[in-house]
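Listed features, source Swiss-Prot:
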- ASN7, GLU388: Mg(2+) binding site (BINDING)
- LYS14, HIS212, LEU213, GLY214, ASN215, GLY216, ASP287, MET288, ARG289, GLY335, ILE336, GLY337, GLU338, ASN339: ATP binding site (BINDING)
- ARG96: substrate binding site (BINDING)
- ASP153: active site, proton donor/acceptor (ACT_SITE)
- HIS184: site 'Transition state stabilizer' (SITE)
- ARG245: site 'Transition state stabilizer' (SITE)
Amino acid sequence: MKILVLNAGSSSQKSCLYDLEFLPGHPPQPIWQAGIDWTVNPDYAVLTVKAQGIKQEINLSSQDRPAGIARMLDTLVTGETKVVANLADISIVGHRVVHGGTEYSQATMITPQVKETIKKLIPLAPSHNPAHLEGIEAIEQVLGDVPQVAVFDTAFHRSIPPESSLYPIPYQWSELGIRRYGFHGTSHQYCSQRAAELLGKPLESLKMVICHLGNGASLSAVKGGKSIDTTMGFTPLEGLMMGTRSGSIDPGILIYLEREYQYNPDSLNSLLNKESGLKGISGISGDMRAITTAMAEGNERAKLAFEMYIHRLKSLIGSMIASLEGLDVLVFTAGIGENSALVREKASQGWSFFGLELDLAKNAARPRDEDIASETSKVRVMVIATAEDWAIARECWHLSP
């Protein structure tokens with residue numbers, strides 16, 4: 001079975017193709033990978049394709065998304081990156097969809113009704129849901145009636161109970177859809193399953209905190225394989241300090257800025273999402289690698305940004321542990337979680353009262369899908385390579401007609 005996965009961002013489009021005869025226990029390598037970056041130049045986009053040991057870069061003459069996706073799919077069947085004889089050989093297509101609202105608690109075959117729901121939720125995910133719809137419609141144009149599956153970032157968190165998912169605001173606001181949805185659900189679910197598998201323990205028996213630390217970052221409290229709490233909320237702006245996002249702040253700050261300094265909603269939205277977090281405090285970058293480099297050079301604001309990041313991370317790990325009423329496994333994943341030994345080390349300090357102890361040598365040895373806790377630690381600490389594309393492909397396998 002050939003499974004195509006599309007993962008659309010606000011300014012990029014990633015895709016890969018898996019060729020499966022059976023469902024393996026661990027993530028296989030896709031036979032083809034591609035990505036489109038629409039931010040390189042206002043006049044054109046850059047398509048990068050990897051297949052058959054070859055990497056190609058192609059400038060696309062248009063910023064038109066459907067045309068770009070069609071050109072990307074063309075590299076599956078033509079040129080040096082050809083891996084299938086005909087696009088009709090693709091059995092099913094899976095899409096990452098950021099926001100599924102309260103309607104979907106699991107992956108779903110895409111129908112006109114599902115498309116309408118994704119469209120209806122655009123106000124809650126204005127940068128992403130339109131891109132997902134464009135991807136779905138581009139596949140319809142190029143591949144016709146091939147089955148398509150939507151895998152929602154919010155679905156895994158539908159199990160969060162009302163005491164955590166609702167805000168302490170006038171109750172009627174919740175009837176307007178204002179509630180905590182949570183995001184990164186596909187990653188959180190995959191990592192919890194993978195951690196249990198690597199530890200050789202039943203998922204149902206474990207209490208885990210999953211730390212998805214990338215440019216966007218969130219934690220989830222996973223009990224018995226179900227999400228019971230998370231740090232992102234109504235939008236991906238809530239929770240942890242992130243690369244360029246503020247995370248949780250006193251909402252009174254926004255009222256003050258609007259009233260006293262005439263800030264408007266659009267400018268506040270831009271500042272909180274794109275000019276805050278590590279970038280806002282350091283004045284350097286939202287990239288953790290740039291922050292740690294500047295720290296090593298003695299930059300005090302970079303040091304402050306890092307210390308704030310760790311403080312807020314540890315505070316919210318504590319919040320997740322409180323929701324779980326205990327902890328068996330702490331998992332680090334995504335760009336920072338997988339690659340920054342320093343972040344993992346600092347985030348794991350101070351928990352000795354809880355029986356958590358890191359093995360510093362293992363932590364520094366570029367671990368991947370490994371337990372980096374000491375032998376005597378009562379809490380296991382895992383580094384899991386997130387595999388959202390594979391998780392989407394796996395859902396397609398299970399839903400395939």
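Any Cβ shown, glycine's included, is placed from N, Cα and C.
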### binding-site residues near ASN7 (Mg(2+) binding site), in sequence order, restricted to LYS14, ARG96, ASP287, ILE336, GLU338 and a 10 Å Cα cut-off
LYS14, ARG96
## Note on the structure
Other C-beta atoms within 10 angstroms of the C-beta of GLU388 (Mg(2+) binding site) total 22
### Query
So which recorded positions out of ARG96, HIS184, LEU213, ASN215, ASP287, GLU338 end up within 10 angstroms of GLU388 (Mg(2+) binding site), measuring C-alpha to C-alpha?
ARG96, HIS184
### Message
Return only the integer: C-alpha distance in Å from HIS184 (site 'Transition state stabilizer') to LYS14 (ATP binding site).
### Response
16
### Task
With the residue listed as 'substrate binding site' as the reference Cα, tell me which of the recorded positions ASP153, ARG245, ASP287 is the closest one.
ASP153
### Query
At the Cα level, what's the spacing in Å between ARG245 (site 'Transition state stabilizer') and ASN215 (ATP binding site), rounded?
8
### Task
Give the sequence-ordered list of residues that share a chain with ASP287 (ATP binding site), lie 6 or more positions from it, and have CB atoms under 8 Å from its CB.
ASN215, GLY243, LEU278
### Task
For each of the recorded positions (ARG96, HIS184), count the other CB atoms lying within 10 A of its CB, then report the residue with the highest count.
HIS184
### Close in space, distant in sequence - ILE336 (ATP binding site), Cβ under 8 Å, 6 or more apart
LEU213, GLY214, ALA217, MET288, VAL343
